[in-house]
Every structure is written in C-alpha cells, then in structure tokens.
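Let me begin by presenting the structure, written as structure tokens, before commenting on it.
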Amino acid sequence: MASSNLLSLALFLVLLTHANSASQTSFSFQRFNETNLILQRDATVSSKGQLRLTNVNDNGEPTLSSLGRAFYSAPIQIWDNTTGAVAASPTSFTFNIDVPNNSGPADGLAFVLLPVGSQPKDKGGLLGLFNNYKYDSNAHTVAVEFDTLYNVHWDPKPRHIGIDVNSIKSIKTTTWDFVKGENAEVLITYDSSTKLLVASLVYPSLKTSFIVSDTVDLKSVLPEWVIVGFTATTGITKGNVETNDILSWSFASKLSDGTTSEALNLANFALNQIL
C-alpha cells in the first residue's frame, strides 16, 4: 500500500538521480504555514498545519459560496524560451473532503498551474478558475480537477477527475467514486518528452485507485513562468457544501532536454505500490 511519505520519497529520489537540468525547484510540506504560501480569498492554514481552502464556521462546518486558492510563494519556470526545454514536474499531495450528514458535496478542488499574478475567478462549479465554461486560449490554465458535483453545462454525470486546459470543460475525465472524510493521495506527473500528463488518486484505507491521462503541450498553453497550487469551492445552493483540506504537498520541477521519461516511470511506480 502506498503512503504519502512513500510517494514523496519516490518523487525526490527520482529527480535527484538525474542531474541534467538547468533549473530545478523542489519543496515538501508535511505541515503548512503561511510563510511559503500565497493565500487568496477564504484559504487559510489551520492550527493543525492543514491548508484549508474553503471556509468553515465556528462549529467546523463548511459554509456556502466559499472560494479559496493557495499557491507556492515563488514562481516556477515550466519551460525555457531560450532552449525550448520543458520541465518534468511531478507533484504529490494528500487531501480530505468531508461533507455534513445533511448535505451533498459541492463543488470540488483542483491542482493548478496558472499565470503569475492570477486572481480568483467565479465560484461554484467554475472552481475559482474561470468566469464561464467556454474555452479561452488567453486563460493559460492547466488543472487537474476533483469534481464532486455535476454541472449540466460542462460536466459528465458521474463525479470525476478531469484534466482541464483553458476551460472548466475537461479534455479528459475518469469516473471517481468519491468517499467523504477519507484521505485521498494524489500523484500527478508530466513527461516532457511525450507531453503526457498522468493523474492518479488512491484511497489507501479502501485500496481503490483512479487514473486519468492525456497529452498536453504545456509550452503552447502556459507562459514560461507560472504559479502552482490549489483552488477549491463550495456549493452556492443550500444542501451542497464540503470541506476542502490539503494535508501535505510535495512538488518538484526540473527542466528536461526531452530525452528522459522519469515522470511517467514515477507514475507507474506509484500505481504499482497500490494495485
């Protein structure tokens, strides 16, 4: 069975065994503090060191119409305009989404790569990423969403994990059997040689896993420098709310010459630990 520590260790061992990068960034948070984060709207760090993306009341219950985003404080170079190199950028994190007994979940959270200086967009099903569901090439946005509520205009009916490129309407999805209150461990990798983005989610206590992948040309979608982090929202109608907490997060970005495939190999390694 995989664990957060195993994923984090594997992530950094793989990166450290390759020394052909011109630019590399890595960090790992087992507890969060505000020093290394950019927090927007309702995002806070709890007294337990958890990254709480959306608001809760004094009783610890989630509130309606909450939107929060959080990013690593320093910009990340995702590709190099001089050499054309694109970064291999694996990340692993653990999150927990809980739902009150008298409620259904809404709306979800996402791991995102956005232009430096990006500000929150619309709440609810748009996850703070967009103002509408139409494709916008000027959004320069790549995200992996963990969507807990069906939105008729752009979502497939089951709850799902999706890859988003410049639109909340995912280019690829997989059904996600969401379980409230369970820790979910996520590994996302990008292989710069194949342009393959792979996202996997595991519920360790249940021994269930989900995976989605598609090709994404990061160099054509994103600016050279981006911010990386998370966004989450709660529902805008009564009876649809959830907590959205990130418990730990590891990230590494390494400019590649396009000849290695450590990102894809790492995804396969992680999946083999839990299948």
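A Cβ is built for glycine as well, from the same backbone N, Cα and C atoms used for every other residue.
Summarising the annotation, Swiss-Prot assigns signal peptide to 1-21.
Summarising the annotation, Swiss-Prot assigns N-linked glycosylation site to Asn33 (among others). DSSP classifies Asn33 (N-linked glycosylation site) as coil under the three-state reduction.
Annotated N-linked glycosylation site per Swiss-Prot: Asn81 (among others), in sequence order. DSSP gives Asn81 (N-linked glycosylation site) a coil state; it is part of no helix or strand.
Neighbours of Asn101 (N-linked glycosylation site), defined as other CB atoms within 10 A of its CB across all chains, total 5. Annotated N-linked glycosylation site per Swiss-Prot: Asn101 (among others), in sequence order.
DSSP classifies Asn101 (N-linked glycosylation site) as coil under the three-state reduction.
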